[in-house]
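S.K.: My questions all concern the structure below.
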Amino acid sequence: MSEARTITTAEVAALLRVPGPHDDKYSRGVVGMITGSTRYPGAAVLGVEAALRTGVGMVRYLGPARAADLVLQRRPEAVTAEGRVQAWVLGSGMDAGAASVEEGPDAESAGRMRAALASGHPLVIDAGALDAVGSARGPAIITPHARELCRLTGSDLDAVLADPASAARAAADQLGVTVLLKGHATHVVAPGGPMLVARSATPWLATAGAGDALAGILGALVATHEAAGPVDLAHLARLGAAAAVVHGLAAQRASAGGPLTVLDVCAAVPATIAALLRSR
Ligand SMILES: NC(=O)C1=CN([C@@H]2O[C@H](COP(=O)(O)OP(=O)(O)OC[C@H]3O[C@@H](n4cnc5c(N)ncnc54)[C@H](OP(=O)(O)O)[C@@H]3O)[C@@H](O)[C@H]2O)[C@@H](O)CC1
Ligand SMILES: Nc1ncnc2c1ncn2[C@@H]1O[C@H](COP(=O)(O)OP(=O)(O)O)[C@@H](O)[C@H]1O
C-alpha cells in the first residue's frame with residue numbers, strides 16, 4: 001500500500017486566493033473551458049457554474065455551439081470569445097477521442113482542445129480528453145474515476161478499487177502527470193510526490209455530473225494560482241486535493257443529510273469557501 005495523508009481543512013483554506021483591492025478580472029485569473037459536447041451539453045453548464053462559484057476573474061467557454069448556448073442561458077457571465085487564459089479544463093462531457101474529432105458540430109472545439117494541449121498552460125484533463133494526455137505540453141492534472149483510470153493505464157478495476165492510492169501513484173509515474181483519482185475518498189499524487197487524500201465527500205455525491213463540477217472547481221483554483229506565478233505538478237496535486245475537499249464540503253452543505261443535485265453543490269460552494277476562509 002502507498003503512504004497517504006488526508007489533507008487538512010487548514011491546508012485547503014491556505015490555498016484559497018482572496019482578491020485584493022488592486023486585483024482586476026485578469027489578475028485574478030482566467031480559466032478556459034473546452035467541455036461538453038453536442039451529445040452531453042449539460043456537463044459544460046455544470047463545469048462553468050462550478051468554476052464561477054469558486055471565484056475566478058473570468059470563465060472563457062469555448063466548447064461546441066449547442067453547449068455554448070446552454071452555458072450562456074444559465075451564465076451570461078461566461079465569455080465565449082477566444083483570448084488569453086491562465087489554465088484550461090478539457091474533456092468533461094465528451095466521449096473518448098474528443099481531441100481527434102475532425103468532422104461535425106464538435107470538430108471546432110476539438111481543434112481548440114489540441115491548441116490548448118500544446119499551449120504550455122496548466123491543464124485539468126477530464127473524461128473525453130484523458131486519452132490525449134500524451135500531447136499535453138504544460139503541467140497537467142488528470143481527473144479520472146476508477147474505470148477511466150483502468151482504460152488509460154490498462155490496469156485491473158478490482159485492483160484499482162482495492163488500492164486506489166497505489167493505482168494513482170503508478171499512473172502518475174507512468175504518465176508523468178498529476179493524478180486525481182475520484183471516489184468516496186479522492187487520491188491525488190504528483191509523480192514522485194506525497195499522496196494526498198480528500199475525505200470530505202458524502203455518498204450522496206455519487207450522481208451524474210458531480211465530476212463535471214469538480215473539474216470546474218479545480219480549473220478555477222488552478223487559474224487563480226497560475227495568475228500569481230507558474231504552477232508545477234506538485235502544486236497541481238495540492239490544488240487537486242483542495243478542490244476535492246471544497247467539492248465534498250459543498251456537497252455536505254447541499255445535502256444536509258439528504259439527496260442533492262449537482263447545481264445544489266455548485267450553489268453551496270461560495271458559503272463553503274467563506275467558511276474555510278473564516279477558519280484561517
Ligand atoms: N450532464 C452531463 O452532461 C453528464 C455527462 N457525463 C459524461 O458522460 C460520459 C460518460 O461518462 P461515464 O463516467 O458514465 O462513462 P464511463 O467511464 O464510460 O462509464 C460507463 C461504463 O460504466 C459501466 N457501468 C457499470 N454500471 C453501469 C450501469 N448501471 N449503467 C450503465 N453503465 C454501467 C458500463 O460498463 P459495462 O457494464 O457496459 O461494461 C459503462 O461502459 C462522459 O463523457 C461524461 O463526462 C457524465 O459526466 C454525467 C453527466
Ligand atoms: N460513494 C461516493 N462517496 C463520495 N463521493 C463520491 C462517491 N461516488 C462518487 N463520488 C464523487 O462524485 C464525483 C463523480 O464523478 P464522475 O465519476 O466523474 O461522475 P460524472 O462523470 O457523472 O460527473 C467524484 O468527485 C467522486 O469523488
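In case you wondered, yes, glycine gets a Cβ from its N, Cα and C as well.
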S.K.: Which candidate from Gly154, Gly209, Gly211, Gly216 does TrEMBL annotate alongside Lys182, Gly183, His184, Ala185, Thr186 at the AMP binding site?
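M.R.: So the AMP site in TrEMBL includes Lys182, Gly183, His184, Ala185, Thr186 plus, from the candidates Gly154, Gly209, Gly211, Gly216, Gly211.
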S.K.: Neighbours of the AMP site Lys182, Gly183, His184, Ala185, Thr186, Gly211: Cβ within 8 Å of the Cβ centroid, same chain, sequence order.
M.R.: His145, Leu181, His187, Ala198, Ala201, Ala244
S.K.: Using a 6 Å cut-off on Cβ distance, which of the binding-site residues Ala43, Gly93, Ala185, Thr186 come close to any atom of ligand 2?
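M.R.: What lies within reach of ligand 2, judged by Cβ under 6 Å, is Thr186.
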S.K.: Check the Cα-Cα distances from Thr186 (AMP binding site) to the binding-site residues Ala43, Gly93, His145, Asp212 and tell me which is shortest.
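M.R.: Comparing Cα positions, the closest of these binding-site residues turns out to be His145.
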